[in-house]
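Chemist: Take a look at the following structure, please.
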Amino acid sequence: MSDGASSLEIVPVRGRIVLSATARNRIANYLNFATTALVGLIVNPILLAALGTSGFGIWKTIARLFETVIATQGGATQALKWVLARENAQASADALRRRVGSALVNWALWAAPFAVLALGLVLALPWMFPQAGPDLTIAGLILAINGLVAGLVSIPAYSLIGVNKGYLALGLSALMAGIVGAGLVFAALSGWGLVGMAAMVLFGSVPGAALCYWLAWRAIPWWGIAAPGPVDMADINRLGGWTLGWSAIEKVLLASELVLIALLAGAAMAGQYVFTAYAAQTALVICLLTTNAAMPGLGARLAAGNRAEAAMIIAQTRRTSLLLSFGVGAVIICANAAFVALWAGDAMYLGAGANALIVIAAIQLAHIRTEAQILDAMLIVKPRVLLGAGAVVVGIACAIAGFVLTADITWMIAGLIAGRLALTLGLPAIARRAVRR
């Protein structure tokens, strides 16, 4: 079986058969996904009943907005993952600790721009949702603080991933998703509103961050933080800058539909979108988890200069993504109306036209993010950031124009799809050129 679809590895240890770290990482990825999906299935209808359709739509939109802003801190920590994966086996413990220190310094430098963006978003929330009242601003401030915590916790989390112990960070993430979900339900049913729910998110993040640092300290023998040198900072900044750009673009791609619907069509319709799009977005994650398993094998072939086998893995990865996304998408188009009606009620389904376009948009995003994974393995970041930035701007402009001209969210989603075509076609072209070199 090829690397693109390799089975779970097992290794003998003192007469016992145990899973390898790679297998544990794969299982943890699926466990984290399953936990998050299950929490959403249980929690979302309860929040809808407690907050109402508009309140639920507002909560989901502001949560997604702050997730997008958090991306401004993510470049250095993702770069740390790649640096540690490359150097963990041969670099000294002190050198590796300096790498962690460089990521921490970079995070601190980006904390100020993040704070400015987050504060601007907090101040804009009353304008976006005037019906929400003053509690919305307080909830926004709490979510902004949570964003700083999320940026800080990414340092030990990506350290664990970089040394092939990501299953520990993913297991902790699954645990905290369940705890935070329970906290959200408790706050909503207790009548604490958006402020109480935001506080529950923060109260879950702080102990989660402490646990993640403890896990890194326990699981990584050399782990710690040392003052970085100029070379350490230069490496992290070189890798982190463009990575930061792509991280932000991905967040905008994922958030655009919900945020635009909330701002242009209203919070109530945004709430309907969350339920209608849930199955399609879940399928998108399944596609990413499945194709991600092929990336280590692709990276190894490229590093060895074996272009022919690399091209075969890329082709197989693309086929897997397309077959899975189109197959699941067809099921969602046929069955989503019944699923949403059973789950949350007929009123939360946006209709067949919107559902079909949501599925098409999800298939397009699955394709884009699969191609981005391939380019990650090739260490090609800059071209896709430049192309992605243009596609994001064009897509949002087309979406706004589509809604303004028709007052119909189906044309809004169609505009997003059309605007992203350059990215859909451009990323595979970049990969093809790189493989042929």
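Quick reminder: no glycine exception, Cβ is built from N, Cα and C everywhere.
Those TrEMBL annotations? Automatic predictions, nothing curated.
What TrEMBL shows for this protein is this:
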type     : residues : note
TRANSMEM : 30-51    : transmembrane segment
TRANSMEM : 107-130  : transmembrane segment
TRANSMEM : 136-155  : transmembrane segment
TRANSMEM : 167-189  : transmembrane segment
TRANSMEM : 195-216  : transmembrane segment
TRANSMEM : 252-275  : transmembrane segment
TRANSMEM : 281-300  : transmembrane segment
TRANSMEM : 321-341  : transmembrane segment
TRANSMEM : 347-365  : transmembrane segment
TRANSMEM : 385-405  : transmembrane segment
TRANSMEM : 411-431  : transmembrane segment
Chemist: In the same chain, who gets a Cβ under 8 Å from the transmembrane segment (411-431) while lying at least 6 residues past its ends?
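Modeler: Cβ under 8 Å, 6 or more out: 253, 256-257, 260-261, 264-265, 314, 318, 354, 357-358, 360-361, 364, 367-368, 371-372, 374-375, 378, 380, 383-384, 387-388, 390-403, 405.
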Chemist: Are there 3 or more C-beta pairs under 8 Å linking the transmembrane segment (252-275) with the transmembrane segment (385-405), counting only pairs at least 6 apart in sequence?
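Modeler: These two segments touch.
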Chemist: Find the member of 30-51, 136-155, 252-275, 321-341, 347-365 that has more C-beta pairs under 8 Å to the transmembrane segment (281-300) than any other listed stretch.
Modeler: 321-341
Chemist: Answer with yes or no whether the transmembrane segment (252-275) touches the transmembrane segment (347-365) by the criterion of at least three Cβ pairs under 8 A, sequence separation 6 or more.
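Modeler: Result for the transmembrane segment (347-365) with the transmembrane segment (252-275) is yes.
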